[in-house]
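According to TrEMBL, the features are:
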{"type": "DOMAIN", "residues": "18-460", "note": "domain 'Major facilitator superfamily (MFS) profile'"}
{"type": "TRANSMEM", "residues": "61-80", "note": "transmembrane segment"}
{"type": "TRANSMEM", "residues": "89-108", "note": "transmembrane segment"}
{"type": "TRANSMEM", "residues": "150-169", "note": "transmembrane segment"}
{"type": "TRANSMEM", "residues": "181-203", "note": "transmembrane segment"}
{"type": "TRANSMEM", "residues": "283-301", "note": "transmembrane segment"}
{"type": "TRANSMEM", "residues": "313-334", "note": "transmembrane segment"}
{"type": "TRANSMEM", "residues": "343-364", "note": "transmembrane segment"}
{"type": "TRANSMEM", "residues": "376-395", "note": "transmembrane segment"}
{"type": "TRANSMEM", "residues": "407-429", "note": "transmembrane segment"}
{"type": "TRANSMEM", "residues": "435-456", "note": "transmembrane segment"}
{"type": "REGION", "residues": "509-577", "note": "region 'Disordered'"}
{"type": "COMPBIAS", "residues": "531-543", "note": "compositional bias 'Polar residues'"}
Amino acid sequence: MAPPKFMGLSGRPLSMMVSAVATTGFLLFGYDQGVMSGIITAPAFNNMFPETKDNSTMQGFVTAIYEIGCLAGAMFMLWAGDLLGRRRGIITGASIMLIGVIIQVTTVKDKNPLAQLIVGRVVMGVGNGMNTSTIPTYQAECSKTSNRGLLICIEGGVIAFGTLIAYWLDYGASYGPDDLVWRFPIAFQVIFAVLIIFPMMFLPESPRWLLSHQREAEADRVIAAIRGYEEGSPEALLERNLIVDSLRASGGYGQKSTPVKALFTQGKTQHFRRMLLGSSAQFFQQVGGCNAVIYYFPILFEESIGTDHNMSLLLGGVNMIVYSIFATTSWFIVERVGRRKMFLIGSLGQSLSMVITFACLIDGKEMTARGAAVGLFTYIAFFGATWLPLPWLYPAEVNPIKTRAKANAVSTCVNWLFNFVIVMVTPIMVSNIGWGTYLFFAATNACFIPVIYFFYPETAKRSLEEIDIIFAKGHAEKMSYVRAAKELPYLQPEEIEGYARKYGLVGHHESDSSTEVGTIGDERRDVEKNFSGQSGNTTNSSDEGLPGRGPGPSVVDEGGVESGFGDGVNASRKADN
């Protein structure tokens, strides 16, 4: 019997389609970041919206109000994301963005066009905030844990490519008639939205979300389709049961949504500290000045360096090529170099780049000011290679399974809140303090270095269970969590249970039949007998380690939950061998 299909696909082709749609969502995210940079000072745009002409405050407001919409969308998903689901959340977000685009491009002169433009940008922002909160979770839950870092870094790199498309489209449209100059770049976003909405209508829901809502039959079909198994096969059922065991051990099975108060607990799980680590990474990304450069690169060149509008657009496009090239480097170094070193290298490089920029602008001479361009180019290169993808990856790794969805939504809210602040104040800072703007960003980036060095534990090459043990070890032994990460050896799957027991991360469950999910429990035993017959050396001890299956210790299999499926089976086979 062939595996079930979605969009006529199953196995690897279906997984690739899921990744393609998720990547398109972040491509649209990047496009949105760059599209206003080339049109906010264009004469055709200023004629249509005269309030923005030579008014840095209004330019900042029109650009930054989009981030308020994104913040509202992220906050909505913080409340309703677990209830709405991943698939419907993405479809809804992209549909709202489509409506926002239509509102913007249908503005009519002398009919209060600025108000309509602002409303359209807010509406579009709400949709983008929903998608940026949901897409990484959907991608992770439909992928193997071994691909987690690479996939999220690819999403980060795609943000840069979206911005690159926006810059060069703005430049090309600048040669057209007045309406084409600004309406076409904004309307172009419809293509990305359509490429998200229609495929998502036919793609599967996250199996983890389905099982958390006790929709086992649908989850069985999704697991079989994405993994290329026959529906009802021993492999598919075992993977389903591993997810259920993990959800039950964390209290997530049948729980519609994790309570917000769970984010503020401490103890051996350190939920609050871990939420702060993930959120601080998003905070640092924004106050480091990335969007001051991305959104306003042409304006920075016009006002700080003295180039004309056309040359500023051209240099902005070249800068985005540099940005995209260096963004791809993170795909190859994120696991080799590690998160901490990349954070530290990026902070130092960005700080020194801003030092070059402000130093070349101090004397106000045109020839010297051109050296500031070098600083902006090196800044975006360091940012693309380090701080672009890492704040999206680190929260997904450092937060535990119980609070991961909500903690990631909180970190996304922090991103959009301070994105708004920086985008709002940058043109005002450039107009009033000139080179002092770049001195400010040089100082803030330098301040990140001690915080990262003393408080950010390394998560590279660690399973999600090991990261839980790092925080439990630091709490139990009263040591720095950075030191705990360095001292904890890399663990094999069979070693994790012993360390989890040592630091109090395992629980003992009474063998009360009322805690069983009857059908799933029976199927699980049948499946394990099947695998036992195949391998010849599977013991019953594995059953005692699962919640509700007897008095033995249980360990939350976060790898199975994060990836949705696949890794638990691999771990079981390694243990059997």
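Every residue gets a Cβ built from N, Cα and C, even glycine.
With a cut-off of 8 Å between Cβ atoms, the residues of this chain six or more beyond the transmembrane segment (313-334) that come close are 34, 37-38, 149-150, 153-154, 156-157, 159-161, 163-164, 167-168, 170-171, 174, 293-294, 297-298, 301, 307, 342, 373, 376-377, 380-386, 388-390, 393, 460. Between the transmembrane segment (61-80) and the listed ranges 89-108, 150-169, 343-364, 407-429, 435-456, the one holding the most Cβ pairs under 8 Å is 407-429. In this chain, the transmembrane segment (150-169) touches the transmembrane segment (376-395); three or more CB pairs sit within less than 8 A of each other, excluding pairs fewer than 6 residues apart. Tertiary proximity for the transmembrane segment (89-108) is limited to same-chain residues at least six positions away from its ends with a CB under 8 Å from its CB atoms, namely 21, 25, 28, 48, 69, 73, 77, 81, 116-117, 119-131, 133-135, 138, 183, 186-187, 189-190, 193-194, 196-197, 200-201.
The list of residues near the transmembrane segment (343-364) in space but at least 6 beyond its ends in sequence, with Cβ under 8 angstroms from a Cβ of it, reads 281, 284, 288-289, 304-305, 337, 370-372, 374-376, 378-379, 381-383, 385-387, 390, 434-439, 441-443, 445-446, 448-449, 452-453, 456. If one looks beyond the transmembrane segment (150-169) by at least 6 residues along the same chain, the residues whose Cβ comes under 8 Å of a Cβ in the stretch are 19, 22-23, 26-35, 37-38, 135-136, 139-140, 143, 184-185, 188, 294, 297, 313, 316-317, 319-321, 323-324, 327-328, 330-331, 334-335, 384, 388-390, 392-393, 396. Mean pLDDT for the domain 'Major facilitator superfamily (MFS) profile' (18-460) in the predicted structure: 86.
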